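Peer 1: Below you will find the structure I want to go over with you.
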Amino acid sequence: MFPGCLLINEGLTLVLGRVLGGLSTSLLFSVFESWMVADFEARGLGNNLSGMFGTMSMVNSLVAIASGVVSEWLVGISGTKKAPFMASVVVLAVAFGVIALSWNEYYGSTATEANAKKDDKKKEPSPPKSNTTTLSKILSDPKILCLGLASTIFEGSMFLFVFFWTPALRSTITSSSSSTSTLPYGVIFASFMASCLAASLAFNTFMSGASSSSDNTQQDKKTNQPVLTHTTLLLILLGISSVTFFVSAHPSSEQTAFWVFCLYEAAVGAYWPTMGTLKGRLIDDGIRSQVYGFLRVPLNVFVVVSLMLAGDGAAGFVGVFETCGMLLSGTVGVLWVARSAL
């Protein structure tokens, strides 16, 4: 719907396209991740959930790099910036075919499985299983609330960055004595995605080493050591992102803005597998999609309110970046206190 909207100059059609885009984005960041964790466990692929998320982030970065280069090439040969969006229609059609033909659906426990669980409970009383935990209990868990706060602030800041990085770069060109020619947005985007790729590779390398060392000393699945390791990494990523937003609010040159943006994208590349692993371990399968969907609500509110308060003009990104930096710093403090207490 969104690529087609670019060819129709009607406000209502654009609004409808963005509504459908918001719906699809919410599904992508809630249902898809829930399905992936469930499929990972159903196939019995072991305990390397962190490695799976790292690989997914790496593949996403590779595809994004190729997309940036191809988009720049399409703009060059077609003379219009609409060409990459129309090419995305083909990519979406291929994705639709692959999903329809190869993905299985998960409906939860079948009636037979439910009866078997009831029989087991009659034979040997046991405490309630984790899959009976209600949504209200999950949301009352301090760890889940802290992860929700971190995901809201970080991912909301990321969406705002996507909206404002181009005017931020243009402002450095306007205020400098360099050429005012059109920026190679496709190449710049590919550079950002290359930073994400490098961070994803580093994440896999670091976490595989940490997992192997912890497995040699402790095999208990109930240990909190892996979660604490990922929590520490999440704190580092939030701190780095906070610094990059403060610096990018007042970049001194084009080169400074570009490399700071690359550093931020590297933090994004490591954030996705880190947060995905933490959510996968702390949230039960039966309500995972509900919790993920619920966490999207404050995220979208945060982005909408920020855009409404940003104001018009090329300098609107300054206040937004400064606010994101302060909120990320506050989130680091909240997570650090919760981590120490728990």
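Backbone N, Cα and C define each Cβ position, glycine as well.
The transmembrane segment annotation in TrEMBL covers 12-32, 53-77, 83-103, 144-165, 185-206, 227-250, 256-272, 293-311, 317-338. According to TrEMBL, the compositional bias 'Basic and acidic residues' annotation covers 115-126. Positions annotated as region 'Disordered' by TrEMBL: 115-134.
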Peer 1: Which residues of the chain, 6 or more past the ends of the transmembrane segment (227-250), have a CB below 8 A from one of its CBs?
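Peer 2: Result: 50, 150, 153-154, 157, 161, 168, 203, 207, 210, 214, 256-257, 260-261, 263-264, 267-268, 270-271, 274-275, 277-278, 281-282, 317-318, 321-322, 324-326, 328-329, 331-332, 335-336, 339.
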Peer 1: Hey, does the transmembrane segment (12-32) touch the transmembrane segment (293-311), meaning at least 3 C-beta pairs closer than 8 angstroms, sequence gap 6 or more?
Peer 2: yes
Peer 1: Using a cut-off of under 8 Å between C-beta atoms, tell me which stretch among 83-103, 144-165, 317-338 contacts the transmembrane segment (256-272) the most.
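Peer 2: Highest pair count goes to 144-165.
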Peer 1: With contact taken as 3 or more Cβ pairs under 8 angstroms (pairs 6 or more apart in sequence), are the transmembrane segment (317-338) and the transmembrane segment (144-165) in contact?
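Peer 2: These two segments touch.
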Peer 1: What residues in the same chain, six or more past the boundaries of the transmembrane segment (185-206), come closer than 8 Å to it by Cβ-Cβ distance?
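Peer 2: Sequence-distant neighbours of the transmembrane segment (185-206): 51, 54-55, 57-58, 60-62, 64-65, 67-73, 75, 84, 166, 169, 233, 258, 261-263, 265-270, 272-274.
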Peer 1: Would you kindly list the residues that approach the transmembrane segment (53-77) from elsewhere in its chain, counting only those six or more residues past its ends and only Cβ-Cβ distances under 8 Å?
Peer 2: 36, 83-84, 87, 184-194, 196-197, 199-201, 203-204, 207, 269-270, 272-274, 276-277, 280
